[in-house]
Every structure is written in structure tokens, then in C-alpha cells.
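Participant: Pulled from TrEMBL, these are the listed features:
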type     : residues : note
DOMAIN   : 1-337    : domain 'Major facilitator superfamily (MFS) profile'
TRANSMEM : 12-35    : transmembrane segment
TRANSMEM : 47-70    : transmembrane segment
TRANSMEM : 76-94    : transmembrane segment
TRANSMEM : 162-183  : transmembrane segment
TRANSMEM : 195-216  : transmembrane segment
TRANSMEM : 223-242  : transmembrane segment
TRANSMEM : 248-270  : transmembrane segment
TRANSMEM : 282-303  : transmembrane segment
TRANSMEM : 309-332  : transmembrane segment
Amino acid sequence: MGPLAAFSPSYWLFIVARFFVGIAGSGCYEAAYTILTEVASKERRAVLGCVYNMSYPVGYMSLSLIALMFPTWRALQMAISLPMLLLLVHCWYLPESPRWLMTQGRHIEAWAIIKNVDRSLVPPILEDIPNVQKEEGPFVPLHKRIFDGFRKLFSLFTTAELCLRICICYMTWFIAALSYYVLALNADNFSSNRYIYLALSGLVEMPSYILPLIILMWFGRKFTGSLLFLVSGLALMAILFIPAENKLLILIVALLGRFADSAVFAVIILHTSELFPTAIRNTAIGTSLAVCQLGSIFAPYVVDILGSSAWYLPSTLCGGLAVFSALLILLLPETRNKPLMDTIEDLKKAEKRDHVSIRNCCNFS
């Protein structure tokens, strides 16, 4: 669909092509992250999650260089689309998640994959695979798979605990994306050269995925996420008190906010993947990513509408919302060094301290 967008003769065909590009990109991202989470041990989930997200700033920095080489939008679209064709070959060799295969009753496939994995990395649920009956699950028709997809979507709201968890995740993802893209689109107010600002934004993102990795080694998901949201919010609100003529200071503070906002993505993605059982984990991440895209959709309107009144209003609004998210994330249970749940029943059996509650605000273990 990328090449189709590049050669589209009309605006509406371009929109349709980009729509499917967005669907494919989001699907690949969430599926790969879910598989990564489910095959990793609880000690290595944070490390692998942060390393996985480092690919984004590399692409972000590369985009500014590619844009300089291909100044027209059609050439740029083609330049960033052709490399994606290589992923068609890659997908055939990507193994399925053994944990998910087990929940679907496809034990033979799960065991075939797990035999090639270092047993020290195998999650506890898979330790007894040699003892299970090796039989394939029944073939599921397409219409039943579609129905099962909708069932999993509504399963996110079947209990009060699940509803609270997913709503908080939606809020934090939305605010993180809104702040991220407001900072990206408000470039003209932060720097005199948008290309330099774009390159610097990508440059600060690389270490932004290393910082949470270091913090997560000592503290949990809640503390790290709340701290990064707080830093991002305070930095964005601080822009309000900087004179518009002082572009250098505004740029530094904006990049600090961008740094913290980028870092928080690595944490909330990891936290979301651990908050939900295997049966609906991919659905939780996928719908959270969809809400995240809503934040990116609202961002240009926030920049244009509020920015027309005062250049600092978009960043100030996002700063206040980021501080709100810093408090909201404290309500969630801590998931550090805890085994992943596989079914909704596992969630129902969880201790009260592992439920969404105001009492969790001071619980970081």
C-alpha cells in the first residue's frame, strides 16, 4: 500500500492507501511486542521491551535524512515504503508465541518452538509442555475467528477490574501520544529550523529508551512511568514561563519534555502487556495503540487551534495532562517480577493488592 500511496492520482486514494498502511504498521508492532513479551522471562521483559523500542528513534532520525534526500512527498513515500517489502520474507520465519499456542490447545506447535529456545528463558507455564497431550486444536473457520476477535474485545470490559485497567491504559496512552505529536508539530515555535529540530528529537529518543531500562532495574513500572510523566509535564509547563525570544532555552526544555515523553512509551507498553492475561493481551495492546493513534489525530488540531491563540498553550495543556497521567498511573498494580497471567480467571484470583485501587498509590513492589 505504500507504493500505491506514492503513485496515487487522487487525494482520496492516497488516504485509503495510508489507512491500510497504518493498520498494517500497528498490527506488526503490537504482534511483535506481544510475542516478545510472552517468550521472555519476567527478569528480561523490561530489557527486551526497551531494546525493541529503540528501533523507533533510529527510524525517526533516518526520516529527517531521507526527507532531505527526497524533497517531494511522492519520492519520500516510495523511499520509506520499499524497504517494508523485506518484511514479507521475515514474517514467514517469525515463530508464534508458545504461550499463546498453549492457550489455544496447539501443544505440538508450542513444543516444536520451545525446543529451539534456551530453557532458562522459558516462562514457568511452559515448563510442563513435555507432559501435556500432544494434539492439535480443531480448525476454526474464518467467521468464528472474527467473532472470537470481537469477543476478546468485549472481554476487556467484562469485569470491573479489567474495565478500570484498560481505561487507565487508554488515558495514559492517549495523553502520551498527544504530548508526543504536539511537540513534533509545534516545531516552528521551538526552533528556527524544523529539520534540525526533527533530527534532534530523534537523537534524544535513543537515550530515552535506555533511561527507563536503568530505572526499571531498581524500581517498578509504576514509579518509572509516573516519574517520567511528571518530568515531561513539568518541562512542558515550564515553557509557559520562558520568553518567546529565547529560542535556545525553549528548544532545550522542549527536548527534555520530548525525552521524558518518549521514555514513558517504553514503560506504559511494558506495563500494559503485563497487566492483562494472555487470552486478551494482544487485544489490550492493540486497542491501546488505537487510542494512542487518536492522540496523534487530535495533536494537529490542538497545535492549530490553541496555537493560534498563544504559541505556548499546546505545550501547557499537554504538560497538565502529563502530570494528571503521573497521578493516574499510580492507581495500577505493580507487575515487576511477577508471572504473566494466562486467563481472566487468573486475574479474578489475584490478591486485592494487585487490583486497581487508591491504596496502590504507595505500593511500588
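Just so it is clear, glycine is given a Cβ too, placed from its N, Cα and C backbone atoms.
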Participant: Name the range, of those listed as 76-94, 162-183, 223-242, 248-270, 309-332, that has the largest tally of Cβ pairs under 8 Å with the transmembrane segment (12-35).
Facilitator: 76-94
Participant: Please indicate, using numbers and ranges, the residues of the same chain that are 6 or more beyond the transmembrane segment (162-183) and have a C-beta under 8 Å from a C-beta there.
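Facilitator: Result: 155-156, 190, 201, 225, 229, 232, 236, 254, 257-258, 261-262, 264-265, 268, 271-272, 275-276, 284, 287-289, 291-296, 298-300, 302-303, 314-315, 317-319, 321-322, 324-325, 328-329, 331-332, 344, 347, 356.
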Participant: Can you say which of 47-70, 223-242, 282-303, 309-332 has the most Cβ pairs under 8 Å with the transmembrane segment (248-270)?
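Facilitator: Between the stretches 47-70, 223-242, 282-303, 309-332, 223-242 has the largest tally.
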Participant: Need one number: mean pLDDT over the domain 'Major facilitator superfamily (MFS) profile' (1-337).
Facilitator: 78
Participant: Check the transmembrane segment (223-242) against the transmembrane segment (282-303) for contact, please; criterion is three or more CB pairs under 8 Å, pairs 6 or more apart in sequence.
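Facilitator: Since fewer than 3 Cβ pairs under 8 Å link them, the transmembrane segment (223-242) and the transmembrane segment (282-303) do not come into contact.
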Participant: Within the same chain, where does the transmembrane segment (309-332) have neighbours whose Cβ lies under 8 angstroms from its own Cβ atoms, ignoring anything closer than 6 residues to its ends? I mean 6 or more beyond.
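Facilitator: Result: 164-165, 168, 171-172, 175-176, 178-179, 182-183, 186, 189, 221-222, 225-227, 229-230, 232-240, 244, 254, 257, 261, 268, 271, 275, 302-303, 356-358, 360-361.
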Participant: Could you tell me what the rest of the chain brings near the transmembrane segment (282-303), counting residues at least six beyond its ends with Cβ under 8 Å?
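Facilitator: Contacts of the transmembrane segment (282-303) (Cβ under 8 Å, skipping residues fewer than 6 from its ends): 22, 26-27, 29-31, 33-34, 100, 149, 152-153, 155-156, 166, 169-170, 173-182, 184-186, 269, 272-273, 275-276, 314, 317-318.
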Participant: Using a Cβ cut-off of under 8 Å, list the residues of the same chain at least 6 residues beyond the transmembrane segment (195-216) that approach it.
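Facilitator: Residues packing against the transmembrane segment (195-216) from afar: 46-47, 50-51, 53-54, 56-58, 60-65, 67-68, 183-184, 187, 223-224, 227-228, 251, 255, 258-260, 262-264, 266-267, 270, 336.
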